[in-house]
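Reviewing the structure listed below.
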């Protein structure tokens with residue numbers, strides 16, 4: 001391996017060390033924001049280190065055909081050390097700011113979707129519910145009127161016809177409230 005390839009390898013391995021440091025900080029900031037069970041943390045740690053090793057060896061194969069020598073480890077250590085010495089605190093502040101803004105954008109997006117999509121659908125549904133309730137009331141009044149017209153001449157012949165509507169109303173008394181709770185927000189709470 002020539003001296004230029006060794007310097008190139010050293011530079012790329014230092015860059016890999018910096019990237020591993022950034023990945024490590026990113027992983028720990030995200031892990032700190034989310035509350036994960038210990039077994040998931042173990043799996044995530046293993047995935048982080050395996051992916052880091054895979055990326056380093058991919059870069060190593062790309063730069064010098066995968067020849068592993070001492071300067072490779074030295075380059076990774078120097079890159080990670082420089083990153084943690086100089087850039088770690090700045091990167092973590094930047095990452096926390098990006099996460100804060102991302103959460104803010106997500107919350108605003110949810111509010112916009114709620115305002116533009118969910119609320120209009122709820123308003124339309126409530127409007128339809130009012131119309132259906134009004135139509136049901138009108139049809140019930142018309143039905144009651146027709147029933148009284150029909151039952152009046154038959155009342156001497158059928159004594160139970162007077163109490164039939166009261167019996168139906170008593171059985172259906174709670175149905176309106178149950179349907180109203182089922183179709184409105186009262187069911188969601």
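Cβ from N, Cα, C; glycine included.
Residues or ranges marked as transmembrane segment in TrEMBL: 6-24 (among others).
What TrEMBL lists as transmembrane segment is 36-61 (among others).
The transmembrane segment annotation in TrEMBL covers 67-86 (among others).
According to TrEMBL, the transmembrane segment annotation covers 124-147 (among others).
When the stretches 6-24, 36-61, 124-147 are ranked by Cβ pairs under 8 Å to the transmembrane segment (67-86), first place goes to 6-24.
Within its own chain, the transmembrane segment (6-24) has Cβ neighbours under 8 Å at 48, 52, 55-56, 59-60, 63-64, 69, 71-84, 87-88, 91, counting only residues six or more beyond its boundaries.
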